[in-house]
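According to TrEMBL, the protein carries these features:
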type	residues	note
BINDING	D186, T200, D231	Mg(2+) 4 binding site
BINDING	D186, D231, D364	Mg(2+) 3 binding site
BINDING	T201, D202, D279	Mg(2+) 1 binding site
BINDING	D202, D231	Mg(2+) 2 binding site
BINDING	H209, D417	substrate binding site
BINDING	G278, D279, R302, S366	ATP binding site
BINDING	D367	Mg(2+) 5 binding site
COMPBIAS	1-15	compositional bias 'Basic residues'
COMPBIAS	60-73	compositional bias 'Basic and acidic residues'
COMPBIAS	80-93	compositional bias 'Basic and acidic residues'
DOMAIN	184-294	domain 'PurM-like N-terminal'
DOMAIN	307-397	domain 'PurM-like C-terminal'
REGION	1-93	region 'Disordered'
REGION	114-150	region 'Disordered'
Amino acid sequence: MGGVRRAVRGPRRPARAPGARPRHGSALTWPGGSDPDDGAGQRPGDPGDLLDGADDEGPELVHRRALGPHDHVVGTGDVLGRRHPVDPGDRLGDLGRLADLGLDQDVGLHGHRGSFGAVRGPAHATGRARGPEGRVRQNGVMEPSAGRPDDVSVLTVGELGEFGLIDRVRRIIGSDPRVLIGPGDDAAQVATRDGHVLVTTDLLIENRHFRRDWSTAAEVGRKAAACNLSDINAMGGIATALTIGLGAPASLPVAWAEEFTRGFVSECDLVGAQVVGGDVTAAEVVVVAVTAIGDAPRPVRRAGALPGDVVAVAGTLGLAGAGFAALSRGFRSPRAAVDAHRVPHPPYAAGPQAAAAGATSLVDVSDGLLADLGHVARASGVRIELESSRLTVPEAVVTVGEALGRDPVSFVLTGGDDYALAATFSAETPLPDGWTQIGRVSDGEAAVLVDGSPYDGDPGHQHFR
Ligand SMILES: Nc1ncnc2c1ncn2[C@@H]1O[C@H](COP(=O)(O)OP(=O)(O)OP(=O)(O)O)[C@@H](O)[C@H]1O
Ligand SMILES: Cc1ncc(C[n+]2csc(CCOP(=O)(O)O)c2C)c(N)n1
Ligand SMILES: [Mg+2]
């Protein structure tokens with residue numbers, strides 16, 4: 001911790017009358033315009049909200065039992081697990097009992113396995129059918145065999161992991177000359193008849209990305225907008241329009257959906273983007289699928305970092321991860337941290353500024369600084385060397401680290417959900433306002449080192465882990 005900069009100042013936000021919405025034009029302007037830095041994405045400090053200090057709430061327990069990120073939360077939004085009685089994995093027993101009807105009993109998910117080891121086809125009138133592996137099914141009940149969901153030899157997405165899965169599905173996607181930037185960056189860029197557009201999509205799933213007992217509907221709405229606006233920011237762009245896909249349990253109060261939408265719209269107002277449509281469907285839990293489009297005169301990609309470049313960040317790191325850790329342990333303070341988990345504050349002006357300044361690479365920090373800089377290192381084929389003494393550790397992160405017995409710097413290095421930006425600039429480029437150098441790019445194996453060594457631990461959030 002020695003030498004690590006501690007920020008007592010919280011992120012700042014522009015002064016804005018509550019509920020006031022810009023009625024036209026972009027709230028964010030391009031660098032070089034009349035209002036290059038409106039301070040969007042920053043808000044007043046919150047120095048009194050410390051766990052051990054003058055916090056008026058104190059370290060109150062949110063729940064008696066601390067919950068982890070993937071703890072099973074039973075409630076209106078409960079998801080049926082593999083072992084649930086109506087889970088498709090358990091249906092074969094019922095189907096087997098229907099075999100004598102002489103119908104195509106195997107109509108469920110597992111009768112349509114397609115090209116990945118599939119069992120397609122009816123049980124015959126005899127009640128016997130053959131799977132692709134040649135194993136006989138008796139009365140429609142299959143023996144455990146390769147290609148079946150309960151067969152451990154089937155590679156699952158859980159085993160492949162989030163990024164392994166993305167690599168696999170990306171191989172299926174073809175290319176097209178109109179795709180100027182395809183999968184692999186924070187947003188894609190597609191040529192249109194009269195220009196080009198950025199497009200990105202991000203999902204938020206109840207109990208994976210937010211909890212309805214931790215966050216208000218408006219906070220979830222803000223977060224859903226922010227993480228998509230951030231991907232446009234991470235290309236050096238400004239978002240123009242978004243659509244909202246909303247999956248909801250039938251029991252969801254209408255007021256929740258309305259408040260969610262208000263929160264979403266007010267976050268969009270920070271950059272002058274407009275909601276232009278969406279979709280609604282029934283779902284087991286609240287599911288939010290957002291697509292954002294935007295503009296970038298000079299999009300900055302993850303590939304492009306060069307040896308000798310400076311590595312810099314804009315925005316706050318560690319606060320949201322620390323807030324999530326505090327909430328998971330049953331605390332609802334320090335406020336600066338738990339509020340950052342609920343609503344991130346991407347530095348919306350910093351992406352276009354970095355692009356205008358000539359950033360050689362750019363990424364937003366959604367999973368964790370080390371994880372996301374890892375994408376830059378691999379895409380650019382360079383080594384990234386961070387100096388921990390250059391990192392700013394917000395005071396609330398120090399408080400959470402001390403209270404939970406964790407190194408506060410680990411939240412800054414690996415905590416997700418902050419939606420700060422990380423970029424590389426040539427050493428000759430003066431860093432734009434709001435950017436802080438945290439390291440350098442060097443020639444070497446694609447990796448991110450901290451104080452000269454590989455990081456010992458998870459570099460950030462990864463689904464299915
Ligand atoms: N199912 C998919 N099919 C095709 N491309 C995908 C799929 N999932 C992700 N990608 C692409 O892979 C790249 C990396 O995705 P990832 O979700 O890590 O990016 P991100 O949105 O910046 O991060 P985060 O989801 O943490 O906010 C992106 O370019 C994304 O468009
Ligand atoms: C209830 C709850 N549990 C865990 C987390 C932590 N978390 C979930 S996804 C993610 C990375 C970004 O998501 P993605 O990669 O899907 O865009 C992080 C840091 C949370 N925010 N809420
Ligand atoms: Mg991103």
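Every residue, even glycine, has its Cβ placed from backbone N, Cα and C.
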### Message
Check the DSSP secondary structure of R302 (ATP binding site), expressed as helix, strand or coil.
### Response
coil
### Query
Just checking the binding-site residues D186, D231, D364, D367: which sit within 10 A of T201 (Mg(2+) 1 binding site), CA to CA?
D186, D231
### Task
Consider only the binding-site residues T200, T201, D231, D279, D364: which of them have a Cβ under 6 Å from an atom of ligand 2? Write none if no residue does.
none
### Query
Taking the binding-site residues D231, G278, D367, D417, which residues show a Cβ-atom distance to ligand 1 below 6 Å?
D231, D367
### Query
Which numbers of helix, strand and coil residues does DSSP report for the domain 'PurM-like N-terminal' (184-294)?
33 helix, 47 strand, 31 coil
### Message
Give me the long-range Cβ neighbours of D231 (Mg(2+) 4 binding site): same chain, 6+ apart, Cβ under 8 Å, in sequence order.
### Response
D186, A187, T200, D202, A292, D364
### Query
CB neighbours of D367 (Mg(2+) 5 binding site) within 10 A?
22
### Query
Of D202, G278, which of the binding-site residues has the most Cβ neighbours inside 10 Å?
D202
### Query
Just going by other Cβ atoms within 10 Å, which of the binding-site residues T200, T201, S366 has the emptiest spot?
T201
### Query
Three states by DSSP: which one describes D417 (substrate binding site)?
coil
### Query
Nearest to R302 (ATP binding site) by Cα, among H209, D279, D367, D417 (binding-site residues)?
D367
### Query
Relative to the Cβ of H209 (substrate binding site), which residues of the same chain, six or more apart in sequence, are found under 8 Å away?
L203, K223
### Query
Using Cα coordinates, what distance in whole Å links D417 (substrate binding site) and S366 (ATP binding site)?
5
